[in-house]
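Read through the structure below, which is laid out as structure tokens, and then see the notes.
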Amino acid sequence: MSDWEPTSWKSKPTLQQPTYGDSAAFDEVVQRLGERPPLVTGWEVERLKTQLALAANGDAFLLQGGDCSESFDACRADPIEKKLKVLLQMSLVLVYGLKKPIIRVGRIAGQYAKPRSNDLEIRDGVSLPSYRGDCVNRSPFTSEDRQPRPENLLTAYDRSAQTLNYLRALTEGGFADLKHPENWELDFVTLSSRSDEYHQMVRGIGDSLNFLDVLGGVTRAELSRVDFYTSHEALLLAYEASLTRRAIGRSGWYNLGTHFPWIGDRTRAIDGAHIEYCRGIKNPIGVKVGPSMTPDGLRELLEVLNPDREAGRMTLICRFGASQIQSSLPPLIAAVQSSKQPVLWSVDPMHGNTITTAEGIKTRHFDQILDEVRDSFAIHAQHGTVVGGIHLELTGNNVTECIGGAGGLSSTDLATAYESNVDPRLNYEQAMEIAFQIAGQARGS
Ligand code: PEP
Ligand code: CO
């Protein structure tokens with residue numbers, strides 16, 4: 001690709017970037033980031049791409065989830081373990097129901113930058129820069145906290161490396177061992193309405209594994225580890241470009257700061273900097289697709305990002321909202337079918353269903369989230385295409401950020417444990433319920 005380089009995006013309109021007061025300090029940070037070792041390798045990135053190609057065909061299923069916005073403070077053992085536990089438990093339910101390999105991808109180890117509707121936030125007549133994620137500034141509403149600081153980019157890299165290091169240790173070692181699912185129990189799992197069902201399933205899987213052992217079918221080593229990949233929104237392009245490298249033993253450029261970068265719904269303009277950056281890297285790319293996407297726009301986007309129609313390259317993360325999916329999705333499916341582009345259709349039932357309560361709290365109704373998931377499966381079934389993945393904002397902490405679900409959270413419960421700095425996440429029980437619903441639906445059909 002002779003007309004592309006890791007910084008060619010600079011000549012394009014670049015939305016959603018902070019304004020730094022001290023450009024010399026910023027340049028120095030970017031240079032230092034460029035000297036840091038990569039966080040992932042080309043082998044891992046290519047392996048994920050191969051697996052995503054399977055999911056696009058319905059032969060595997062992508063489970064992608066984590067915080068809307070990771071915080072530097074949450075780079076601690078407990079929150080990392082809990083997030084991994086939820087994703088492992090969900091993937092067990094999904095593997096059991098869908099009878100397909102599950103590709104586990106966290107919104108983790110780098111999900112530190114957020115797009116915002118407004119550059120400024122105004123409270124009681126005071127106007128300050130919006131909070132754009134911990135890699136830019138801090139969330140409390142003071143001018144000190146809201147100042148964008150270049151050095152936060154280095155902290156983001158460090159926290160990503162520490163988080164990924166622990167994830168790797170957990171997923172490669174005994175923690176993820178299929179024969180010891182008790183390792184990834186959460187304290188409050190027994191309180192969940194699906195607890196019995198979950199444990200019954202776990203016992204069933206244990207029995208099957210013992211049976212395979214007797215037959216000599218699977219080795220201990222195969223069972224004791226799982227693949228786990230990282231993803232984040234490729235938003236701050238200076239950060240992404242600084243981690244864009246030549247991978248050992250491969251041609252071309254890779255973003256080696258994460259396995260799976262995605263482009264947000266607000267920054268996917270065809271002539272914009274984010275598309276320019278992503279078209280030149282060899283990672284699998286996710287694109288968030290909201291109601292404003294047109295069939296022609298989608299065809300053009302796929303042509304730019306995947307001119308060679310490489311399998312596993314493109315994941316369309318659809319986030320229309322329960323009230324819009326019926327009208328928005330079918331024309332886009334038709335556009336992809338006519339363009340013969342191989343894509344993985346994933347459903348993000350979170351971002352089209354965000355509402356603000358009378359008290360000004362951002363939340364989402366569990367029922368709408370579930371409706372969008374169900375509709376997505378039904379619409380694809382009608383069109384002969386498959387839902388190959390799901391994209392969720394969730395946490396292993398027992399938060400009260402989304403309304404509804406088996407625990408029956410109401411809007412008055414939101415204040416009890418609302419911890420997210422940006423979008424509301426599913427708690428453990430709500431996240432598990434989604435997995436059970438998808439699994440149950442598959443078994444039903
Ligand atoms: C997000 O995933 O947190 C996000 C901002 O999504 P979208 O780009 O779909 O609005
Ligand atoms: Co979000």
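Quick reminder: no glycine exception, Cβ is built from N, Cα and C everywhere.
Automatic prediction, not curation, is the source of TrEMBL annotations.
Annotated Mn(2+) binding site per TrEMBL: Cys68, His351, Glu393, Asp423, in sequence order. Listed in sequence order, Arg107, Gln111, Lys114, Glu393, Ser420, Val422, Asp423, Pro424, Arg425 are the same-chain residues at least 6 apart in sequence whose CB falls under 8 Å from the CB of Cys68 (Mn(2+) binding site).
TrEMBL lists Arg107, Lys288, Arg319 with the feature phosphoenolpyruvate binding site. Taken residue by residue with DSSP, Arg107 (phosphoenolpyruvate binding site) is part of a strand.
If you look up TrEMBL, you'll see 8-20 marked as compositional bias 'Polar residues'. Remote same-chain partners of the compositional bias 'Polar residues' (8-20), defined as residues 6 or more beyond its termini with a Cβ less than 8 Å from a stretch Cβ, comprise 26, 115-116, 129, 132, 136-137, 148-150, 235-238, 241, 264, 266-267, 269, 271-274, 276-277, 280.
TrEMBL lists 1-20 with the feature region 'Disordered'.
Between the CA atoms of His351 (Mn(2+) binding site) and Lys288 (phosphoenolpyruvate binding site) there is a gap of 10 Å, rounded to the nearest whole number.
The phosphoenolpyruvate site, placed at the center of the C-beta atoms of Arg107, Lys288, Arg319, has further neighbours from the same chain whose C-beta lies within 8 angstroms: Glu233, Trp262, Gly264, Asp265, Gly286, Ile317, Asp348, Met350, His351, His391.
Maximum C-alpha to C-alpha distance over the listed phosphoenolpyruvate-binding residues Arg107, Lys288, Arg319 is 16 Å. Other Cβ atoms within 10 Å of the Cβ of Glu393 (Mn(2+) binding site), summed over all protein chains shown, number 27.
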